[in-house]
Structure formats: C-alpha cells, structure tokens
Amino acid sequence: MAKSRYSRKNKGKKLQRVQENTVSTEEKSVPEVETIDFNGFQIPKVYDGKLERKPMELEIKKGFVEGMNGDAKIFCNDDLFNLLTFEMIKDISNNYPSCVRQTANAATLPGVVASLAMPDAHSGYGFSIGGVVAMRLDNSEAVICPGGVGFDINCGVRLIRTNLQREDIEQHKSRLADELFKQIPSGVGTKAQIAFSPEDFDSIMTEGLEFLVKNGYAWEEDLSHCEEHGKIANADPSLVSKSAKSRGYKQVGTLGSGNHYLEVQVVDEIMDVEAAKAMGINEVGQVCIMVHCGSRGLGHQVCQDYIDLCMKSGICNPIDKQLTGVPFNSPIGQQYYSAMNCCANFAFANRGMITYRIRQAFETVLRMKPKKMDMHLVYDVCHNIAKVEEHEVDNKKVQCIVHRKGATRAFPPQHPDISEDYKEIGQPAIIGGSMGTCSYVLVGTQEGMKKSFGSTCHGAGRKMSRVKAMDNLTSKDVINRIKEMGIELRITDPKLAAEEADEAYKDVTEVVETCQAAGISKIVLRLKPLIVIKG
C-alpha cells in the first residue's frame, strides 16, 4: 500500500482549510489511506479513474459522486493541485468535505450545467469558496441555493485610483492611516458614523449606490464603474426579516472584520499598458486604494433565514443538506433571490459610503479636493452572488442562474453588461492578496466566457484555518513583520492578526497566473500595500 504524499516540496506537511461559520475547523489526525499515483501525486485509490489531469485543470468525472449531471472542474496548476490531494485524503479518512468533493456534489443539483472551482478555492458551507455553479433556467427544476452564495452576500472589492505618487504620501502615511482608521469603523458589530432611518435603509436596499449619489455621498460617474451600476433590480425589502434589517441599518459605511480590509496601495508593475491606461493607471508608483467588504450582519441573517426556510420546505433534498435549495422560479426561490438582491444593493452602498470617507480622509490629510487628486472609481465587483446571465450551453444561448461564491465575474471585451469605458479591454476583476502581500487587477477574456462562465478567482484563498493559524503563528510576530516591511497597519483587534497572516493563504501570484494560463482572465497590473486597515 502506498503512503499518502502531501507535497513534492514539503512532504508530510499538513494543510488545513478554513470553514464558514457553522463548519468545524478542528484539526484531526489523518489515518493512513490506500493511495495510487496520479500524475506524480498520491490520491485515494477509491478515486481511480474518476479524475483526469489536464493543463491547468482537474476534471472530476461524472460518477465521482452519485447523481452528477455531468463532469465538474477545478482550475489549478501542480502546486495548487497538491493542496487538493491532502484534502482528498482527509475526505476519505475523516469524512472531510474536500473542495473536490464539494465541487462534485454541486454537479448533482437540478438543472446544473457547470460546477467549477477557481484556483483559490477551498472548502466552505456546501459549495466550495471559489465555486462557480450554473443552472439553465429553461429547466423548471433549476435551483437557487442560499449556501451557494454564502453568508456575506455581495462581499466584493473596489479599487479607487489617484493621480498621486508614492512620494506624495510617504511623509503623511502615519497620519493618513490614523485618519482612515478614524473615519471608517471596522471590527465585529461596528456601527456607522451616519445612521440612516429605517425608511432610508429600505431605499438603500432597493437603490444601492444610486441612493448615495442622490444624497451626495457618491459621484455620478461611480455608477458606470460598478458591477450592475451598483443597483440590482428585483429587490423587495419586505422580503427581508426585521432581525436582518436591525443588524444592517446602522452598518452602512463599515468595514467589518475577518479578511475584510482597506489598503492604500502603490502600483508595483504594469503588465498590460493599454488596459491599465483605460483604467486611468499610467505609471508605476501611482497610489490606489482597495476596499474589500460586504453586506455585514444583514447578509448573514438573510442567508441564515432562507437556509432555514429552504430546509423546512422539503422541495430540494440534495446529496449534502448544506446544498439545500429550491427551484429558482418557485415562490421561495424568488423570495430569496429578491432578498439577496437587497443585500447586494446594501453592499454596493456600503463600499460606496466607505469611498466617501476615504475621499474625506485624503482631503483632510493632504489638503486637496478628491477631484483634484483624481480619486475616481476604477471598478467595483461582487464575489458572492447569484445572477441571471446569458451563456452558451450546448451551442445554444440560454438564460442561467450563475452562483459565484468567492469568485469574480470577468466578462470579455464587447460584452453588453460592462461599462463603455472597458468595452475594448474587458471587465476589470480586482483581486486582493493576503495581508501584507501584493494584489492584482485582471480583465476578462472570451475564452473565459466558454470555460468558466465569465468567471475568475477572487483572491489568494485560504490553505490554513483561523484556528490553525492562531496555533502556529503569533499575532505579535505578524504585526512586527508587517511594520518591518514599511507598511502602516491599523487593526481593531491586534490579537487576531495571526488569522490573516500571509502564511494562512495561498500565493496570490500563483493563483492569478494560473487563471491567465488557463485563459479565463488576463493580468493587467500588480499593486503592493503602503497602509493596511483591518477589523
């Protein structure tokens, strides 16, 4: 019997996932599992013949789990595939829901035409985080799954450019970090500096970023550089519970905690000059600001409310109860879709209000108007969302409900749903790294529309749970290392810094390069942090 091998480079090193909310992250010992050689790696013998390795892809054959409607796929290079092999061994030995199994499980859902995972994918609640699952809507059984969107509905990221150079802010870095930390509340349960009335909050859930434009908190031009123009239709606040609203209405303009962040960054390298120029980014050293956050307590409560409702309905009983959903066109399906859109609109407004505060902070410290500093929005993208989109399936254009959970929409040049400013280059996809590491801007490709339903990665992706990170790293060491890099760090709870250390994540450069090699997106530029604000 062959013994399992975790890595060509790091034999025997244990890797650990992070789970969402209710899923345990307890580290367990891995009993010996009978394995076979698979392209130079060891995988469980029970998967013999059920996987196929292709360039930058792992194909999961129909039959990997019972009831699959077709093959499933994970985009990965050899090093990223190596992380998946250990998960698969734990899956067999400890009934561990690996990313591979979760991607296969999602392929059993009614109406599914694609179950994919991006290179940054890891196990999550039901769907893997990094998953893209599409169902064709001409199938009346096609489902929508709250767990397939996740608890942080429209967690997303936006990038703001400036005409400033690094030297323009270098001497102001500490004060600018302090001002941003003061202006933008961060951490668990934080409340906004501006409290909207319940009536206004309903308007925010309906209008999204438009509400901020009407009330002077956002610029008109921000709308065209935001996915869905910052407002998703079919959003009925009456379908959002009172408890969900009570968790959200005082949180417009707050960062939250966990992996959410605000970074002042500098352009480190430009790979595609023309695409960068279309985004208003013209040279290395240019200062930008990246914001990563979502729908806060509102989204979490809406997700939980509708997971509970779906489980009680008994309409859909999948292979994994965490995948429970309902037919998209059923009453409950449409209610969840509308409530989800309310949360998405809130998240657009949340990032918009944070942008308002960022512009104020820069004006306070640098004594220049935001317009003079060219503080325009490059783009704002969703990471956790389900959307109705047109895609080609079996050589026919059909309407699909596409779940993206920890994945970024990345539509190609000339796609009708992207801004006129980006028609020639494709939709920007903003990809954040782990704390203290670089981030990237990508654009979508025509090949990506065919291979990944117009989707790409969303970040680095965890390889170590929060519990494991806290056990193996000290927050003091993590903070000191970031300071030694010349980065100004402000963090609400310093004790939790180890959870977000770069060792807990995959290499974001490897992730985006895999996406490019797979043809699903193209790298435009790289940024590195000067200031990091964390919850």
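Quick reminder: no glycine exception, Cβ is built from N, Cα and C everywhere.
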Statement: Checking Swiss-Prot, the member of H229, H260, H376, H391 that binds Mn(2+) 1 with D152, C155 is H260
Task: Determine which of H225, H292 appears in Swiss-Prot for the same Mn(2+) 2 site as C155, H383.
output: H292
- prompt: Which whole-number value in Å describes the distance between the Cα atoms of H292 (Mn(2+) 2 binding site) and H260 (Mn(2+) 1 binding site)?
  reply: 5
- request: Give me the Cα-Cα distance between H458 (GMP binding site) and H260 (Mn(2+) 1 binding site), rounded to a whole Å.
  value: 13
Message: Other than C155, H292, H383 themselves, what residues in this chain have Cβ atoms within 8 Å of the centroid of the Mn(2+) 2 site's Cβ atoms?
response: D152, N154, G156, V157, H260, C293, G294, C382, N384, G432, H458, G459
- request: Using all protein chains shown, find which of the binding-site residues N259, N384, S434 scores highest when you count other CB atoms within 10 A of its CB.
  value: N384
- prompt: Which of these binding-site residues is closest to H260 (Mn(2+) 1 binding site) if you go by CA atoms: H383, N384, S434, G461?
  reply: S434
Message: With an 8 Å cut-off on Cβ distance to the D152, C155, H260 Cβ center, who else from the chain surrounds the Mn(2+) 1 site?
response: G156, G256, G258, N259, H292, C293, G294, S295, G299, H383, N384
Task: Between the Cα atoms of C155 (Mn(2+) 1 binding site) and H383 (Mn(2+) 2 binding site), find the distance and write it as a whole number of Å.
output: 5
